[in-house]
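Annotated in TrEMBL:
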type	residues	note
DOMAIN	23-294	domain 'Sugar phosphate transporter'
TRANSMEM	14-35	transmembrane segment
TRANSMEM	41-61	transmembrane segment
TRANSMEM	77-95	transmembrane segment
TRANSMEM	101-118	transmembrane segment
TRANSMEM	153-175	transmembrane segment
TRANSMEM	187-206	transmembrane segment
TRANSMEM	226-245	transmembrane segment
Amino acid sequence: MTGQMFGFSANRRIIAGLLVNLLSSICIVFINKWIYVHYGFPNMTLTLVHFVVTWLGLYICQKMDIFSPKNLPVRRIVWLALSFCGFVAFTNLSLQNNSIGTYQLAKAMTTPVIILIQTTYYKKTFSTKIKLTLVPITLGVMLNSYYDVRFNLLGLVFASLGVLVTSLYQVWVGAKQHELQVNSMQLLYYQAPLSSAFLLGIIPMFEPLSGDGGIFGPWSLPALMTVLFSGVVAFLVNLSIYWIIGNTSAVTYNMFGHFKFCITLTGGYLLFHEPLSLNQALGILCTLAGILSYTHFKLVEQEEGKSRLAQRPNSDLNV
C-alpha cells in the first residue's frame, strides 16, 4: 500500500514537472513575441532581465538546498558566458524579426550544425542513418522559409546567427560540464551573472537608455509587468528542463519536446494570425519527420551502446 502511494506521488510530481515545462516553454515564445509586437521593448535589455531573474531564481533554489553550488574559476567559463549572451540575444532577435513558424523551424537547424561542429572540430563520428535524417530537417526549413510571406533578409541573418551561436553554446556546455564536473544548474549559476555583466557593458552601445525604446523610457506598468513575468517564465523553463532530465528518461524529454514544437507552431498561427500556405505546412511536416527520425535513431544507438557496456564484463569473465 505504501509503495503504491509512493508511486502515485512520484507520478504526480512527474506530471506536474512536465506540465510546468510545457506551459513555460510555450509561454516564453508567445510572451516574448507579444512584448516585441505590442510594446517594442529593446531586445538586449529583455535578455538581461531574463539573465538576472534566472540568477535570482537559482540563488533562491540553492538556499532551499535544491542544488549545491560549486566554486568555478571565472576564466574557464568566460567564452561560455559570452556564447550564452549571443545564444539568447540572437534567438530573441530571430523571434522579433520572423514569424513564429520560421523562428521555430530555424531552431531545428541547430541539430545539423552541432553535428557539423562535432565532426569537424571534435572528430566525432555519426552513423549514416543519423546523417540522412538531416536531409528532411534542412529541406523542410528551406521550404518553409522560401514560402513564408513574412520572410526577410534581416530575419534570416538573425536566425542564422542564432543557430550558429546556439550550436556552439550547446557543444561547449556539454564539454564544460564534463571538464568541470558540474551539472547544468551549477554551471548556469555562474553563467547567468557573468553574462549579465557582459550585457550590461554593451547595452548602452546598441540600445538607448532613456526616451522612447530605452530601458528607462516611459514604459507603462503592464509593459514592465509583462517583461518581469517573461523573466520568471524563462527561469521556469531552465529549472523544469533540468528537473525533467533528472527525473524521467531521454525518451520522455525528446518526445515531449516534439509535442511542444507542434503546439508552438500551431499557437503562432492562431494567436498572431500568421499565414500558412500548403508548401509551408509540407515544410513543417518534413522537418518534424526528420526530427522524429533523428531522435529515434539516436535513442536506439544509445540503448545499443548501454547493452554493449553491460555485456562487456560478462564476456571478459568468459575469456
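Cβ atoms here come from the backbone N, Cα and C positions, even for glycine.
Note that TrEMBL annotation is computational and uncurated.
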Remote residues contacting the transmembrane segment (187-206) - C-beta distance under 8 A, at least 6 residues beyond either end: 42, 44-45, 47-48, 51-52, 54-55, 58-59, 62, 67, 69, 72, 74, 77-78, 80-82, 84-85, 88-89, 173, 176-177, 180, 215, 238
Seg_contact(the transmembrane segment (14-35), the transmembrane segment (153-175)) with at least 3 CB pairs under 8 angstroms, min sep 6: no
Range from 77-95, 153-175, 226-245 with most C-beta pairs under 8 A to the transmembrane segment (101-118): 153-175
Close approaches to the transmembrane segment (77-95) from elsewhere in its chain (Cβ under 8 angstroms; 6 or more beyond its ends): 29, 32-33, 36, 43-44, 46-47, 50-51, 103, 106-107, 155, 158-159, 161-162, 165-166, 168-169, 172-173, 176, 180, 187, 190-192, 194-195, 198-199
Chain residues in Cβ proximity to the transmembrane segment (226-245) (below 8 Å; excluding those fewer than six residues from its ends, i.e. six or more beyond): 17-18, 20-21, 24-25, 27-28, 31-32, 34-35, 39, 41, 46, 49-50, 52-54, 56-58, 61, 183-185, 188, 252-253, 256
